[in-house]
Structure formats: C-alpha cells, structure tokens
Amino acid sequence: MTYLFVAAGGALGSTLRYWLSGLIAGAIGQSFPWGTLVINISGSIVIGAFATLTGPDGRVFIPGDWRQFFMVGVCGGYTTFSSFSLQTLTLAQEGQGLWAAANVVLSVVFCLIGVWLGHVGAVLINEGV
C-alpha cells in the first residue's frame with residue numbers, strides 16, 4: 001500500500017513542479033534555470049519542516065503511509081536533482097561555465113539553508129513558540 005501512496009504523491013509533486021517551472025520560466029525567462037532553483041529551495045524548506053513536525057519529537061502525528069506519501073512522493077516528485085544536474089551540464093556545455101558554477105553553489109547553499117530553516121521553524125512550532 002505504501003507504494004501506491006508514494007506513486008500518488010509523486011504524481012502530485014511532479015505535476016506541481018512542471019506547472020511552477022513553466023510559470024517561473026514564463027515570468028523570468030530561461031537564460032538560467034530559476035524554476036529549478038526555486039523548486040529545490042522551496043522543496044528543501046517544506047521537507048525540512050514536515051520531517052521535523054511529523055518526526056518522533058514532532059507535534060503532528062502522521063501515519064507512516066501518509067508521511068511517505070508526502071516526503072518521498074510529493075517532495076521527491078517536486079524537487080529535481082536530475083533536472084538540476086542536466087541543466088548545469090547544459091550550461092557548461094554551452095560555454096556558460098560561470099552560470100553553471102553559480103547554479104551549483106546557489107542550489108547547494110540555499111537548499112541546505114532551506115532545509116535548516118524548515119527544521120528550525122518546525123522545532124519552534126513543536127516547542128509551542
């Protein structure tokens with residue numbers, strides 16, 4: 001049953017990623033993979049908060065299947081490491097090494113900050129602050 005939950009969550013997350021990437025590309029342009037960057041940062045914030053809120057010390061109880069639905073399915077389908085990797089390679093192959101390096105640095109730094117912010121926010125919620 002967990003596999004069905006994960007598959008359904010993945011379908012939702014992937015659809016949301018596709019929609020939001022298109023929205024961002026239409027608004028900002030496609031010279032840099034801003035959509036992927038925004039998605040990976042926001043996905044990191046969300047999974048950091050959700051994992052902490054629903055973890056052993058969390059304030060919110062979520063049954064295991066539903067936790068997997070959201071964390072593995074929705075967040076896994078929403079975030080885009082393979083897309084990030086391909087877009088970085090494409091930038092490098094097109095002679096845009098500085099943009100490729102910026103994509104790596106910005107993605108890693110801000111996704112780590114995002115997951116930390118999500119975690120800290122959830123810890124505060126768990127503590128009733």
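Cβ atoms are placed via backbone N, Cα and C, with glycine included.
As given in Swiss-Prot:
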type     : residues : note
TRANSMEM : 4-24     : transmembrane segment
TRANSMEM : 32-52    : transmembrane segment
TRANSMEM : 69-89    : transmembrane segment
BINDING  : G76, T79 : Na(+) binding site
TRANSMEM : 105-125  : transmembrane segment
Output the single range from 32-52, 69-89, 105-125 maximising the number of Cβ pairs under 8 Å to the transmembrane segment (4-24).
69-89
Residues of the parent chain within Cβ reach of the transmembrane segment (69-89), under 8 Å, 6 or more residues beyond its termini:
5-17, 33, 36, 39-40, 43-44, 46-47, 50-51, 62, 100, 103-104, 107
